[in-house]
């Protein structure tokens with residue numbers, strides 16, 4: 001017994017020392033990736049608890065206080081929402097703490113890049129505490145998450161626009177025939193996939209002999225937006241490119257599919273109801289993948305010259321300063337030693353992306369089709385999911401069209 005106790009103590013000490021070494025090795029540059037790792041870890045925890053936590057949660061009287069024990073799926077959904085709530089609070093608190101940081105001399109800058117052992121402990125404590133909050137609070141968080149998920153989808157659009165425009169500018173700047181041909185082929189591929197996918201949407205969600213006017217409207221409007229994107233992008237005054245237009249067209253087609261596939265299983269126009277399990281698994285995998293890619297891209301892209309995360313005071317926010325005269329270089333170098341360096345991106349907005357991503361990932365893991373309430377019953381709420389994604393598609397189109405025509409309408413302003 002004594003030997004086993006010593007062995008356990010040694011293992012615990014080694015584990016703590018290993019964690020301390022890993023945490024201590026996180027530098028300023030790698031801290032953004034560390035946040036992505038923590039977020040990915042939260043997704044893994046949510047997925048595991050969704051599979052194994054139900055029997056344990058059934059025994060907790062403050063959770064299972066119903067006269068009749070709910071189905072296992074209710075507890076699976078509740079476990080995911082509680083982890084998501086803890087994750088959301090963790091990143092939201094950090095976002096509020098980081099409001100107004102302008103330079104690296106601010107004490108909060110050290111909190112953003114360091115203190116990882118304390119932050120990890122706080123994250124665990126918050127997640128564990130969420131399993132002691134009443135069901136009503138979790139139900140309210142789930143309702144708010146549906147709207148927060150829509151905001152995250154819009155953030156995904158902003159990040160996608162930033163990525164596609166950077167991609168397009170990178171190839172165009174090479175000014176070689178090969179890269180122009182590559183742009184054309186990639187754009188053509190995106191359009192082929194978009195139109196082929198739209199044809200499948202007609203096949204799946206507008207069955208013959210049934211009145212599916214709403215689904216037809218959604219799909220036709222998506223096709224109209226695809227043509228509008230191309231026409232505006234190729235207009236002489238816009239001087240745009242087909243690559244961003246084609247990628248956004250494909251993304252809008254995906255959002256349309258995502259919304260239509262969320263329709264209730266008993267809806268006669270949902271042609272995928274017989275394959276709902278396979279569809280939900282595919283949608284979940286694709287949704288989680290895009291979520292992780294979005295937060296990773298936001299972390300890596302933070303501080304770049306065109307990043308939406310860069311504040312106006314940042315030296316990387318796109319402002320250009322004239323070169324200093326040669327005789328003032330030494331004086332400027334002396335001043336730099338005393339002056340505080342401005343932060344390269346908005347810390348609060350950086351954390352806000354993770355907060356919204358926590359909401360969106362919870363909706364993905366719970367399937368958007370269940371609601372946790374005081375009744376302990378699962379309620380089909382497929383239509384809110386449909387409208388969140390369809391409205392997000394329309395907002396995506398409006399945002400992209402605005403990004404094309406705004407420089408023409410307001411030539412004196414910088415966009």
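Positions of Cβ are set from backbone N, Cα and C atoms, glycine also.
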Revision key, fill the gap. TrEMBL feature transmembrane segment, matched against 52-70, 242-260, 261-279, maps to 242-260
Review point. Of the ranges 28-48, 280-300, which one does TrEMBL list as transmembrane segment?
Key: 280-300
Check your understanding: Can you say which of 311-335, 386-410 is given as transmembrane segment in TrEMBL?
Key -> 386-410
Review point. Do at least three CB pairs under 8 A connect the transmembrane segment (242-260) and the transmembrane segment (147-167), leaving out pairs fewer than 6 apart in sequence?
Key: yes
Practice item. Using a Cβ distance cut-off of under 8 Å, indicate which of 79-99, 120-141, 179-205, 345-366 has the most pairs with the transmembrane segment (217-235). Key: 179-205
Review point. Which stretch, 120-141, 179-205, 242-260, 345-366, 386-410, tops the Cβ pairs under 8 Å count with the transmembrane segment (79-99)?
Key: 345-366
